[in-house]
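Listed features, source Swiss-Prot:
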DOMAIN    61-335  domain 'Protein kinase'
BINDING   LEU67, GLY68, SER69, GLY70, GLY71, PHE72, GLY73, SER74, VAL75, LYS88  ATP binding site
ACT_SITE  ASP196  active site, proton acceptor
Amino acid sequence: MPSPLILCRYLPRELSPTVDSRSCSSPLVASRAGKFLGATPPRAPRLSRRLAWCFIDWGQVCLLHRLGSGGFGSVYKATYHGVPVAIKQVNKCTRTLRASQRNFWAELNIARLHHDNIIRVVAASTRTPEGSNSLGTIIMEFGGNVTLHQVIYGATRSPEPLSCREQLSLGKCLKYSLDIVNGLLFLHSQSILHLDLKPANILISEKDVCKISDFGCSQKLQDLRCRPSLHHIGGTYTHQAPELLKGEIATPKADIYSFGITLWQMTTREVPYSGEPQYVQYAVVAYNLRPHWQAVFTASLTGKTLQNNVQSCWEARALQRPGAELLQKDLKAFRGALG
């Protein structure tokens, strides 16, 4: 059995798993459920209620099926103490061990935080069942089977296919946008940057609420300020702000840029770019390349209002983009004007 990290590593003050360069956002690929990692779970120690999330009561874990797998491990649907949850197992891969460790600790940047539009961490531990090839396990609330990406592009694992036209009316688009911005506003108020915001990382619950998930690229602002060398950020190139592509230090405005691309996707139901990633990245920085404006943005007054919102979010200079609070105010006013 691997030795656990010392307890002080779990304390809130020590939960500072910032990262520099790493590969992130490997899309989850659906696969058949397999046997859970081992048969002999470690015994959970007695902890105060404040620290209860730091360890997993393995006897209360019941795996249902695998939801998918990616570069850093697998995600399962399960129950924990009888409640539906998602369990992320981070692989112990020698080739990418350091990146996997960073991903694991970055996911815990949101530990002990609670917000309706943020996936909640229920429990986490570096102690894993004997014989497993995992460096850590994270139990999260189950946010739903469907992502915003699946709603936009019509692909879903749900038994009943979604109708994009029904699911993404203007009203629905604004509702989802406000959910996402509310989540960002909360994260930024806690000095946390997501840094990989995109439709595939937005879960939609059974109550039709958007929840921001996948914090494997997240960073804390104070760590970026204390250690400026941590400025080379992982993420998804189509949604990365120009300043990040240039290797500059991340700010909350980087998440706003990513939201602008996401809002464009919700409105057009198109993919942002075509072409080789390196050419797209160069053009975004050197030539201010952005996704093409579609007719939906110019055909009506509401379309033009949406265009203005998107345009403000993906401005080349971070200082020219609105903060989450102002963006929330504008979207609420827009939604209210529609009645």
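Any Cβ shown, glycine's included, is placed from N, Cα and C.
Location within the structure of each feature annotated in Swiss-Prot.
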residue	record	Cβ within 10 Å
LEU67	ATP binding site	20
SER69	ATP binding site	18
GLY73	ATP binding site	24
VAL75	ATP binding site	20
ASP196	active site, proton acceptor	25
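Across the structure, VAL75 (ATP binding site) and ASP196 (active site, proton acceptor) place their CA atoms 18 angstrom apart.
Following the DSSP three-state reduction, the secondary structure of the residue listed as 'active site, proton acceptor' is coil.
You'll find the Cα of SER69 (ATP binding site) roughly 18 Å from the Cα of ASP196 (active site, proton acceptor).
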